[in-house]
Structures are given as C-alpha cells and as structure tokens.
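Asker: Dumping the structure here so I can ask a few things about it.
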Amino acid sequence: MGIKVKNLGLTHYEDVWLAMKDFVVSNPEHSEIWITEHHPIYTIGLNKKGLTLPIDTSINHIFVDRGGKITYHGPGQIIIYPIINLTKYKITIKEFVSLLENSIMQFLAKLNVSSCTKKDAPGVYIGECKIASIGLRLKKHFTYHGLSMNINMDLDPFSSIDPCGFKNLTMTQLSSFNNDYTKEQCAQGIIELFQHNLQKYHE
C-alpha cells in the first residue's frame with residue numbers, strides 16, 4: 001500500500017489548505033504525503049478558547065479547520081501533510097498523533113538530539129522548548145493538515161503569540177542542536193520513519 005510523496009516547495013498556506021480539502025472530498029483511492037514550506041503566516045485552529053491575536057500585524061493570520069490553537073509558519077520550517085486513510089491502515093486518530101510524534105523523536109534520536117512529548121500538549125519538545133507542532137482534521141476517514149518542525153528559521157514571530165495556546169512557551173529549532181542536515185533531508189528522514197511505523201498498523 002504505497003503512499004505517494006509530493007514536494008510542493010515554498011507555498012502560500014491558503015492554496016495548500018484548499019488543495020488538501022479538495023483532495024479529501026474527491027474520495028481518493030490512495031493516501032498521499034505533501035512536503036512544503038509556507039510564506040510567513042499565523043494559523044488559528046478550531047480551539048479559540050482564550051485566543052489572543054498576534055501582536056505582529058505585519059504577518060497575516062487565517063482561521064482554519066484543524067485542531068489546536070494558534071501557531072506560526074514560515075521559511076526554514078518544514079511542513080509535512082500526511083493525507084492518510086485511517087480506516088485502511090486500521091489506526092485511530094489518537095494512535096496517529098502518537099505515530100507522528102514518535103517518528104519525529106526517532107529522527108531526532110538519529111541526530112543525537114534527545115526529545116520528548118508532553119501530556120495534553122501534542123508535539124515534540126527538547127527540554128521545555130517546542131521544536132515540532134501537530135494539528136489535524138479528520139474527514140471521510142482521511143487526515144489532513146499535519147506537522148511542522150522548525151529547522152533553521154526566524155523564530156521571532158512566535159514571540160507575538162502564545163504558541164499552541166501556551167503562554168511563555170519557548171520555541172526552538174534543529175539548527176541550535178545539529179546543523180548538518182538540510183530541510184529536505186529532515187523531511188525525507190521523518191517521512192521514511194513515518195511510513196515504516198504506519199505500515200506496522202496495516203500488517
């Protein structure tokens with residue numbers, strides 16, 4: 001059960017969001033994984049409780065249909081959108097989130113970077129600092145949206161928000177710990193581990 005991988009390059013967030021929704025409602029017979037980076041934008045998920053809009057008004061913000069709260073996307077951050085039919089892989093959405101987190105942590109471990117997850121705070125952390133975020137939507141058995149991981153980017157825009165709804169949460173990036181891997185190598189490494197881990201559910 002192969003999964004097609006597409007590298008979209010640098011994109012505008014809204015264009016890719018609309019394309020994901022169109023793909024899912026088309027009742028595809030196969031799953032896909034999309035890799036991209038986005039032009040600077042704040043995205044705000046369905047959980048708007050306690051929401052504070054970005055202080056930095058020079059960067060646009062958009063309300064979207066994924067889970068979670070507010071985050072920032074920009075160049076130097078890899079975005080991986082796994083558009084996966086969970087029914088075919090016999091996996092629950094909760095298990096799928098854990099699978100994504102574990103794939104990221106396994107990749108970081110290969111780079112000798114120790115990371116962890118936190119209860120009730122999806123994503124991957126290095127110490128108390130967050131390096132990767134996860135936000136998903138499930139429709140017609142397919143996931144869309146996905147994960148973002150900071151590689152080598154300007155982290156300043158995060159200071160204008162409460163990332164993922166957590167006050168005083170510090171964001172970090174891979175280049176602070178290991179600068180030997182390109183964004184493309186990071187995306188490919190995570191996807192390979194993700195596909196391997198996902199296949200275990202189908203066997």
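The backbone N, Cα and C atoms fix where each Cβ goes, and this holds for glycine too.
Keep in mind that this is a model prediction, so the values were computed, not measured.
Straight out of TrEMBL:
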type: DOMAIN; residues: 27-203; note: domain 'BPL/LPL catalytic'
type: BINDING; residues: Arg66, Gly67, Gly68, Lys69, Ile70, Thr71, Tyr72, His73, Ser133, Ile134, Gly135, Gly146, Leu147, Ser148; note: substrate binding site
type: SITE; residues: Lys130; note: site 'Lowers pKa of active site Cys'
type: ACT_SITE; residues: Cys164; note: active site, acyl-thioester intermediate
Asker: Whole-number Å only: compute the distance from the Cα of the residue listed as 'active site, acyl-thioester intermediate' to the Cα of Ile70 (substrate binding site).
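Answerer: The residue listed as 'active site, acyl-thioester intermediate' and Ile70 (substrate binding site) have their Cα atoms 5 Å apart.
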Asker: Are there any residues in the same chain, six or more apart in sequence, whose C-beta is under 8 angstroms from the C-beta of Lys130 (site 'Lowers pKa of active site Cys'), and if so which?
Answerer: Gly123, Val124, Pro163, Cys164, Leu169, Thr170, Met171, Thr172
Asker: Sorted by position, what residues of the same chain at least six away from Leu147 (substrate binding site) have a C-beta under 8 A from it?
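Answerer: Result: Ile79, Ile80, Pro82, Leu100, Ile104, Ala132, Ser133, Ile134.
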Asker: Please find, for Arg66, Gly67, Gly68, Lys69, Ile70, Thr71, Tyr72, His73, Ser133, Ile134, Gly135, Gly146, Leu147, Ser148 as listed binding substrate, the greatest distance between any two Cα atoms, in Å.
Answerer: 16
Asker: Ten-angstrom check, please: count other Cβ atoms within 10 Å of the Cβ of Gly135 (substrate binding site), all chains counted.
Answerer: 23
Asker: Should Tyr72 (substrate binding site) be counted as helix, strand, or coil on the basis of DSSP?
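Answerer: Assignment for Tyr72 (substrate binding site) reads strand.
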Asker: Can you check which residues sit near Tyr72 (substrate binding site), meaning Cβ under 8 Å from its Cβ, same chain, 6 or more apart in sequence, and list them in order?
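Answerer: The list for Tyr72 (substrate binding site) reads Pro40, Ile41, Tyr42, Thr43, Ile59, Pro157, Phe158, Ile161, Pro163, given in order along the sequence.
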Asker: Using DSSP and collapsing to three states, where does Gly135 (substrate binding site) fall: helix, strand or coil?
Answerer: strand
Asker: The domain 'BPL/LPL catalytic' (27-203): mean pLDDT?
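Answerer: 94, rounded to a whole number.
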